[in-house]
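These notes concern the structure reproduced below.
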């Protein structure tokens with residue numbers, strides 16, 4: 001599982017600036033659950049080969065009793081509970097504030113590793129910046145400038161050393177005797193627990209828990225029709241006797257972790273509710289992570305033809321970017337449609353792990369170009385010469401040629417569709433990379 005780093009501090013100390021620098025993006029996944037008055041932002045960062053999730057919390061007022069500040073404090077506490085490391089940010093220009101002391105008092109009691117970070121320290125001597133903050137009793141302050149990047153790399157490297165040291169051994173997760181790793185994700189109350197119980201109970205398979213992180217990640221191994229599968233961190237489901245039930249707290253962090261760890265993701269939607277921005281955000285993270293995907297539309301039973309047509313149209317319109325994934329209309333409660341859903345899981349996994357021979361890829365590329373050439377950009381027309389596979393899960397196709405920076409997104413999409421059709425790559429994202437020759441004359445004509 002990717003470790004989680006939570007950014008905590010009072011308002012306006014630079015948490016969002018640091019978040020944007022760590023994730024190298026201004027785009028963030030947002031938890032827009034009903035009733036939340038201030039969203040937490042989630043993103044992914046990476047240092048070398050070490051990925052991590054980072055949470056940008058709202059301004060923290062631990063003693064707030066009601067209203068928006070109370071709600072923001074509640075959400076921050078949840079983020080701290082889910083974090084492997086907490087980065088506590090204070091303002092070096094404005095100095096120590098009473099709220100900083102209240103936050104420090106709370107954080108000391110959590111038992112989480114705390115990194116005290118003094119932001120906005122550019123142009124200031126370390127001793128002048130840090131002295132006041134020793135009073136918080138959280139060890140040596142680390143001076144940074146989130147806006148300029150000063151000190152950020154060293155700080156995050158130290159934080160990741162601690163975060164990864166606390167991660168469980170992954171030998172169990174990577175055991176080759178295990179089957180396809182599946183994450184079932186979706187909003188609260190879409191029927192995840194019902195689907196899990198339908199899957200593990202249908203063949204009278206004994207399911208068992210395998211402890212993961214200290215925050216109760218679950219691994220459930222089961223067989224179906226002679227095939228092995230593993231449900232990984234069922235994200236909001238906990239064992240109650242012989243069945244799984246939804247718990248009261250929906251965790252976006254656990255959802256993102258389970259997506260990252262999966263081979264195939266089942267995105268479960270509720271046919272009786274409109275597709276929300278949150279559904280689209282979760283789906284977008286699946287694609288960003290390159291995970292194979294199957295869509296399950298639950299609670300389908302009882303719909304008349306008109307309602308079904310409307311639900312299908314809503315799915316096509318709002319999740320158009322998932323057109324590579326198969327959709328299944330199911331009833332987890334009545335166990336209808338689940339067989340076809342699982343067959344698509346198998347197909348999506350097979351597609352994600354496909355081996356694409358260079359001669360066949362190049363032949364498919366040439367046929368695609370002969371059928372429709374890329375457009376010129378000024379005097380230059382891109383020349384696509386040959387292709388080979390650059391990776392699996394998701395499949396990566398590397399195309400070599402000349403002037404390939406002139407290839408449009410529309411033409412790239414055309415090539416993707418041609419490759420999907422030729423190699424039956426349904427259910428998996430597909431990456432296409434272009435590598436141009438340095439010959440400035442080879443692309444003329």
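Backbone N, Cα and C define each Cβ position, glycine as well.
Taken straight from Swiss-Prot:
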type	residues	note
DOMAIN	3-167	domain 'EngA-type G 1'
BINDING	9-16, 56-60, 119-122	GTP 1 binding site
DOMAIN	180-353	domain 'EngA-type G 2'
BINDING	186-193, 233-237, 298-301	GTP 2 binding site
DOMAIN	354-438	domain 'KH-like'
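Spatially, by CA atoms, the binding-site residues 9, 12, 57 include one closest to residue 189 (GTP 2 binding site), and that is 57.
Counting other CB atoms no more than 10 Å from each candidate's CB, the binding-site residues 60, 300 peak at 60. Secondary structure at residue 192 (GTP 2 binding site), taken from DSSP and collapsed to helix, strand or coil, is helix.
Nearest in space to residue 15 (GTP 1 binding site), taking C-alpha to C-alpha distance over the binding-site residues 186, 192, 300, is 186.
Distance noted between the C-alpha atoms of residue 60 (GTP 1 binding site) and residue 186 (GTP 2 binding site) is 28 Å. Note: the Cα of residue 12 (GTP 1 binding site) and the Cα of residue 186 (GTP 2 binding site) are spaced 32 Å from each other. In this structure, the C-alpha atom of residue 121 (GTP 1 binding site) lies 56 angstrom from that of residue 300 (GTP 2 binding site).
In this structure, residue 12 (GTP 1 binding site) belongs to neither helix nor strand by DSSP; it is coil.
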